[in-house]
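*Asks:* Encoded as structure tokens, here's the structure I'll be asking about.
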Amino acid sequence: MVRPLSTVTSSSSSKHRWYYSYSDFIFFYPWTVLFLSLWTFLILPSTLLYLFPLRLDSNPEKGFNTRGTVYSLPRIGWSQLQPFLLKGSRVVVDTTSRIKRGWADDLFNSLGSIACYQQPVPAMDYLAQVIVSVPSFEWLFSSKFLTEMCQMNDQLRPALQPFDQITPHRNIWHFPNYVACVSPVEQINCTYIKSEDIVKVKSLINFCAEYRSEIIDCRRECLERVRQNQIEQQPLAMVECRECNPQLVPANCSTQMMFDLFYRILPKDLTARPLYINSFLPVFTYTSYQLQGYPVRLMDFVNLQEALRNMSTDQYVIKGTLLDVKRDLLLEAAIADSKYTLVAGALVISLVVFYTRSITYCLACIVQLLASVLAAAIVYRIFSVEFPLLNLIVFVLLISIGSDGAFLLFSSFPNSADSLDSESFRECLHHTISTMFLTQFSTVVPFFLNIFSAVLAFRCFGLFSGFTLIFNYIMLISFLPAVLILKRRHLDPLTNKLIRPWKFIVYQIDDTITDRTSYLLSTVLLNIILRARYLWLLLLFSLTATCGYVSVTGLHLPQYNPLQLFIASDPNEFYDNNAERLFEFIEQKIALPLTIRLVWGVAVEDQSSFFDSHEISRLSINPDMELSTVDDMKGLAAFLLRLRTLYFIQHEHKFWPERFLDWSQRIPCEPGGICCNVNNNLFTDRYLDHCMRVSTSQLLTSYNDTPLYHNKTFEFVGYTALLPTKLKYSHRFGNLSRSFELLDNSIQRKGMWYTPEWGLMSTWFDLQRSIIADSTQSVVISILVVLIFAASILRLQAVCAMISIVCIVVCSSGTLVLMGWEVGMLESVILVLAVSLSFDYTLHYGAALPSSRLCPEHRIRTAVEKSTRPVSMAALSSGLAGFALLCSKTHAFYQLHICDFLLPSLTIIIPLTKSS
């Protein structure tokens, strides 16, 4: 085994005096260090966690909101203010408790037990849906396909039966039923389809497909009126859809079912192969029932999803489902996937046993990893009791990242008790401390930077992962050296006597492997690095330039699915990722009106916890709100008039301040009484409060336009109004950015704030904006901090190290983009991981380079022989940990599987090339 080049200065050096004392204490008192380490990092944290346990949060969206941004306080303030306005105009402005939001939308009563209909099906967009894959458009008209898919209703009947009491529908609206209903000889449902009907319907659909855009444009007007009636809670009977213009759309193509066939069932591209078609089940989604307070069981939806997954035949394949249950299934799936960390740990531990030939050291590594997690958990418990699901991936990160220190320490440690003395131990420990300090803390920096993120889940992840790696480092330089000392002194002599015959065989195998490895490292790899260095550098910079271009042009935020929880092939995620691309109606379903809530007189004091999402802000009276004079009222009315006339608003109805001024002009005044006519000479500003209260008894005020009064003192507090706009919500960050920028520039007034009526719109925009800012900040600051660390230790080699790090980051990013990655919430965390890993192995090579007084070839040879073996073992352990996650079902663990497979190879190859 290659001994590391000594980097220890003479014992007379005063700056190393503290280190010598620490090293000698471990060397002469290993039992004391062992017990202190176990007590501090294992026994005590375990006891405290038993008494004060963490609570694993089952809500995947909790924590994925922001704090401390310009949009977070208004959003939180409105979520607290809204429940009071649902009951009246009196509000409590000193509340400190969270009140859950209530949704007032009703699911509409729908009639019809047969498949055919003439008017739009109420709330059809919110029914559960299934995407089916078939080979081609022609396949849809085969009698075997139509017959088998028509049987879906009977096959799903047991799973649909629990919903019979809460849904008026009984038929599935799939393609066979539409064939039956648009047939010239109209049938009740698909069970009555005849072969001649199929031929006629195929001809009719092909004919109407030429008018597809006209059909959709014609019926969209009716669809908008249906949606408006839903918002205004008007009866559905008031909506009557007129026939399309016969000059634009043939009469046999203008029916409601033909419109829904092209709008909801068939994809945009009918020539695609395979072809995906949509179907609507006779039940609403789980979220729809929950929001309306219907008593539905999650297990009923789970059974329905399982029944759908088992329905694929040789005629069609179930690809996607919309049941809105993925958030509720995530906790169970994440816990199941976290069990793969045991497999990952077993594989890595097997590698440690193979490399070290020591079960004792292997068990010590297990204790080190476990103690690191427990100690970090108890520190995390001080700040928050909630444990987000994102923190589960820390276990895999620790297995893949935390093992390189164990390999480095063992490779540097004296081989036998005879060669183990205080000087050799100092040399080994100094190399381990200095090298691992540089690499471990360069990894910790990006994680700790997440603490300053605006996203709560990132803060919690940064806190837990950062402390986990810190405690792992402390155990590495205290607990593991003590174990190795005791092993060399007491266990090795005993095991040498007991297993001497087996030891000979093991060493024979190990010597063979070591000889082959040494040949590869000392001869093959060195020749490649030295003789082909210019070619390697050319290829590397070409790869970096290509990946840089791919990253700049292809790296973007999620376009269709802002919250992916499972792997892309999961039916729930397949629907969310592809439905908007495939079907016309999804875009309009998502494009909800961006209505704005304006609030005056209520201030939101930021008293929320830095890590706990349950602790929120407090409402108080805003002293900047002034409405004590007529000029104040006129100014407020003029401001609202300006907003109403903006080109992206165009709201016709006047707000209460405007209506108050109109009302006051009609009030007669008499001497000796209170005058409420603001234009009369008898009116004074001290009458304004009384007149405002009188006006609310004569002017209609409501949830969307009302003055606010204190719940206890009844004094005037402020005013709130709902401002409708023509802006639409979109998952795309660019569209939302333009909308919010327009609102920010248009709505500015002292004493007020605004927020979207539906808080989730602000949440997603704020979250995506924070991801961009936090990722950029983390990468830039991490590189600067590591540059300082590297410059202080590596001196001039720091320049090459930073070039290598930048190349790794760019190549990793470009490769992941080519694999289809988008910068979602999880991917931004993994990007930080990529940055930290790029530091790790690069700095290993940099720290291994000997003095510049040696010839370049000898320096490279020494660095490669000194570092490549432990670094290769660390990279292999990361790859094995990633391989164990191959079968993961959740998005977090699967993306980590890709990361652990890809990044180690880049972080080994690029630093080796740069070292030449």
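Any Cβ shown, glycine's included, is placed from N, Cα and C.
Straight from TrEMBL, here's the annotation block:
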type	residues	note
DOMAIN	363-486	domain 'SSD'
TRANSMEM	28-52	transmembrane segment
TRANSMEM	359-383	transmembrane segment
TRANSMEM	389-413	transmembrane segment
TRANSMEM	433-458	transmembrane segment
TRANSMEM	464-486	transmembrane segment
TRANSMEM	534-557	transmembrane segment
TRANSMEM	778-796	transmembrane segment
TRANSMEM	803-823	transmembrane segment
*Asks:* Count the Cβ pairs between the transmembrane segment (464-486) and the transmembrane segment (359-383) that lie under 8 angstroms and are 6 or more residues apart in sequence, then report whether there are at least 3.
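*Replies:* Contact between the transmembrane segment (359-383) and the transmembrane segment (464-486): present, because at least 3 Cβ pairs are under 8 Å.
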*Asks:* Between the stretches 28-52, 359-383, 389-413, 534-557, which one has more Cβ pairs under 8 Å with the transmembrane segment (803-823) than any other?
*Replies:* 534-557
*Asks:* By DSSP, how many residues in the domain 'SSD' (363-486) are helix, how many strand, and how many coil?
*Replies:* 106 helix, 3 strand, 15 coil
*Asks:* Average the pLDDT scores across the domain 'SSD' (363-486) and report the rounded value.
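*Replies:* Mean pLDDT for the domain 'SSD' (363-486): 83.
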